[in-house]
Structures are given as C-alpha cells and as structure tokens.
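Per Swiss-Prot, these features apply:
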| type | residues | note |
| --- | --- | --- |
| ACT_SITE | Arg168 | active site |
| ACT_SITE | Ser217 | active site, proton donor |
| ACT_SITE | Glu287 | active site |
| DOMAIN | 24-188 | domain 'FAD-binding PCMH-type' |
Amino acid sequence: MLILPIVKGEYKKDYNLKHLTWFKVGGNAEIFFKPLDSEDLKSFLIQNKQKLPIKTFGAGSNIIIRDGGIEGVVIKLGQNFSNIEFVDNHLIVGSSCLNYNLAKFCQANAISGFEFLVGIPGTIGGGVAMNAGAYGSEFKDIVVQIEAIDFAGNFLTFTNEEIGFKYRSNNLPKNLIILKAVFKINKGDSENILLRMNEIKNARSSTQPIKERTGGSTFANPEGRKSWELIDKAGLRGYRIGGASMSEFHCNFMINNGDATAKDLEDLGDFVRQKVCEDSGVKLEWEIKRIGRHP
C-alpha cells in the first residue's frame, strides 16, 4: 500500500499532466503534489521513507511527458513559489515565477538586463536549470546565486560559480529542487527597456511558430553551427511522423498538429537526429526534456 507523507499542500492521484504541457501530450502522474510552501516541501522530502521517485515540473514549455506517464511523485511548485522581492539591491525571485512576468516586472521598475526573458517561455527555475538564453543573453549573466532543497530535505545555496553554468546546462546535483534565484540589479531606462522587449517579441513572432503546440527549440545548437540549418540541409523541414512534424516555419521546432502522441514526437526527434548525423556527421543533442515511461 502506498503511504504518502502528511502534508499541508495538495495531492492528486493518477493526475493527467497533458493539459499542463505546451505539447498537450503524455500520460498521468502516479501522484501529483503541490506543496503549500518550502517548509511543506521539506516535510514531504524528509518523510518520504518509501523513497518514492521524484520528478519536478515547471511550466511544461520544453518537455515531453511519455505516454506511459510518470511513476512516483511529480512535484509542481505553485503560485506560493512565484514571489518577486527587493532585498539589498538584489531581486529574489521564486522559481515558479514565469520568465515573462519577471521581464515585465523589471521593465516597470527600470531594471535592465532581463529583457531577453520576454522571449523565453517557462519558469525561472527551469531557466536556471538549463541556463536558458536568447538574443545574446543567458541566465548565467544575471544570476548571483540560487536557493534550493535536496531530496533529503536539506536547504542549500549555490553561487553562480558553484552552479557551473554551461550551454543549456549546469553542474548542479541532480536530486535538487530550485526554490529561489537571486539576481543582481542594474538600473536602466523603462522606455528603452520596453523598446528592447518589443524588438525581441517581434523577432520571436516573425521567426518562430509561437501559435502552435510546440516546445521551443528541439535541439541545442552544436558549437559553431545552427541546428535548424542542419535539419533543413537534411531535407527534414516539414517532415512528419504521425501527428508530429518539424515546423515549416522554423525547422528546429517540433509541432503537435493536433493528434500527436508523445511517441510520435520522440520518434520524430530521434529520426531527425539520425538523419542529420548521416547527412552532416553532427549528432544533435535534445534541448527538450523527455520524461516518464514508455507505454
């Protein structure tokens, strides 16, 4: 019998995750848990005597949940983890805060350096985890430190150097949940910041299929190369498997055309990797995460 820790937050069993993802595919979470606050999360982790497998879930913007669902507990940090506050000339931001919301907050408060976030879907926690970046900036450029908790329930702090930011990755321990990020503040001009944000939004809408069911960039760019160019060169623009296709508009974006399964999407991505490797000798690395069980 499955015995769950006593918590103040909310449990849901056999919870459908499909509606939480941008691709709108995938199976159910065996257990879905939204902690009330960081102390509630700590209590859950300490009590997790059965050592149930744990996965964390953000905005669902760059993830494929496999059709067999996710075993164990999926933890989603809700609105109580999305606060933005000023402390000693720094911003402390909850990990579930959306990148877009932080960009808007910074513009309203004449804080520069965060404009690029308006073009990156997802949460602050996810952005830190993958060192998300666009339009010449990355999270490594603005993060001072993060506050996190490990799966044993220990609160930890990591500086920018300790995080070890790399291209779309970092050196943080795997069994870690990011709670907050601390950012440095550089004052700017609100109107100029808004102009830059609008430039980024316009550039994004003119080059990316933002109105489709997509998960953002499918593959990370190899050093000195562009993934979309390699995909295009291999003749895979618009290529389709089942209900999934590579976008005609931007061929490093995978799209659910309405009836795709998670398997369709993952099979398509793996096929593209194989064909690009055969054509160009380059092995593309997934930027979209794939988690869960195959059916």
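Using the three backbone atoms N, Cα and C, a Cβ is placed for every residue, glycine included.
All features noted in Swiss-Prot, drawn onto the structure.
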residue	record	Cβ within 10 Å
Arg168	active site	18
Ser217	active site, proton donor	21
Glu287	active site	20
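Per-residue pLDDT, averaged across the domain 'FAD-binding PCMH-type' (24-188), gives 96. You'll find the Cα of Arg168 (active site) roughly 8 Å from the Cα of Glu287 (active site).
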